[in-house]
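Let me begin by presenting the structure, written as structure tokens, before commenting on it.
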Amino acid sequence: MGHRCCSKQKVKRGLWSPEEDEKLVRHITTHGHNSWSSVPKLAGLQRCGKSCRLRWINYLRPDLKRGSFSSQEEQIIIDIHRIVGNRWAQIAKHLPGRTDNEVKNFWNSCVKKKLLSQGLDPKTHNLISSHQRSTSNNKVACNIINLSQTYQKPPKAVLSQVTGSVSMEVDPPFVTLPPLPPTQPPFHQAKIHNPIVWTVKDQNSHDLITFPCGSSIESTPILLLRPLP
DNA sequence: AAGCCTTGCAACCGCCACGAT
DNA sequence: AATCGTGGCGGTTGCAAGGCT
């Protein structure tokens, strides 16, 4: 069956040859890819557009970082996965030079096993034991759930309910991740009418961090809440 | 050395969302 | 409003390479 764009023509499948790679790279570096469906024909490839797109994004893009993941990258993956779950594309956006496929493979081959060996459920990041954590940790966990639920709502749905600013109280300690690189194109920027401001306060109502979300939820720095050692 | 098993990763598949018509 | 084409995403598969017996 396959994708509709591939069903009409005879397309090659399987591993890409160096010659095919060269054709694709040459075409995209000189002409770009306005329409992936037209790339195979213009580049002289017997592949479907979807396959070309995948090959370029996951393997041929010049800004890809090859090689094994650093421990810092691994920690970022774990932290963001705790919040957003198996949204590999979201996670990969916070790891320059890494693709969603790479992150997914790394998770399935390494991180998952590591968490299991530590007695942690890779889906929930909670201890596999039936006992709950201490009350202090429960408080943090509760905030993670709140933030997670908000984060996972589609941007449109969130914005439609926002009339000014949204604030959320969380308890320290917490860490933050830097925002996405400035080159990241704003997601659905044109549709945003009500800017969101997230405010994190301490227990005495002092502002700890405030960050506007002028473009969208997608470009918001993700707050990572985890107990400090 | 040979056969089997495991692992990592590239690629495919199926689905969904969205814009154009 | 319905349909179609396309891009994007997560889940899954297949294969090659390396390890083990």
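The backbone N, Cα and C atoms fix where each Cβ goes, and this holds for glycine too.
The domain 'Myb-like' annotation in TrEMBL covers A:8-60 (among others).
Averaged across the domain 'HTH myb-type' (A:8-60), pLDDT for the predicted model comes to 89. What TrEMBL records for A:8-60 (among others) is domain 'HTH myb-type'.
Feature annotation from TrEMBL assigns domain 'HTH myb-type' to A:61-115 (among others). Helix, strand and coil counts under DSSP for the domain 'HTH myb-type' (A:61-115) come to 35 helix, 0 strand, 20 coil.
Among the features that TrEMBL reports, domain 'Myb-like' is placed at A:61-111 (among others).
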